[in-house]
Amino acid sequence: MNLEKQLHEGLEAISGLSADVAHLSSRLLRYIELITKWNSTHNLTSVRNPESMITRHMLDSLVVLPHISGPNIVDVGSGAGLPGIPIALARPEWQVVMVESNQKKAVFMQQVVVELRLQNVSIRQERVEKIKPGNKVDTVISRAFSSLERFMRLSKHLCENNVDHCRFIAMKGAFPDMELMQLPPEFSVEQIIPVAVPGLRAKRHLVVMRCHSE
């Protein structure tokens, strides 16, 4: 199966995507090309072949869409731009802020923004605890960033302008029993949602959390 067909079929299998699959597919393939090109010298991701990137990066990022709210999204610890860039490509009406302290990864994401002409993405090369929220944030999301406790502790200020409605979503693999036990009472877990990534057998869970109003 060629890359275009693999990606197209994977996108069609995601419920609630509500995007132009052909257009989104072509943009995601260009993004994969950029990751592959930069990966040889910048070590952006341990996933090396484009076929695996489709499943483990693109589709894995997009299965969250039915479970997040816009229009203002913050992606914490974006790395090579995941999940924020696929989300921004699928939801051009949303604004996505990518937070990444690593310079080479932030520079790469900026190049992706230029190459794909992404007007709804901004890159912040800073530690998340230094970020000052501007607009009301609707969703703060992280993928392979840290433990739940650390994610919430470092990011909680991002929702201070919208504390009643803002949600934190951590993308996890297996059910994170130990991490859940370590969450302090100021944070509550609203849902733990098992998600299926097309073409991937590994377990995936979304942990939906919020801060309590003071």
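In case you wondered, yes, glycine gets a Cβ from its N, Cα and C as well.
S-adenosyl-L-methionine binding, as stated in Swiss-Prot, involves Gly77, Leu82, Val128, Glu129; the candidate among Arg91, Arg117, Arg143 given for that site is Arg143.
According to its DSSP assignment, Gly77 (S-adenosyl-L-methionine binding site) is coil.
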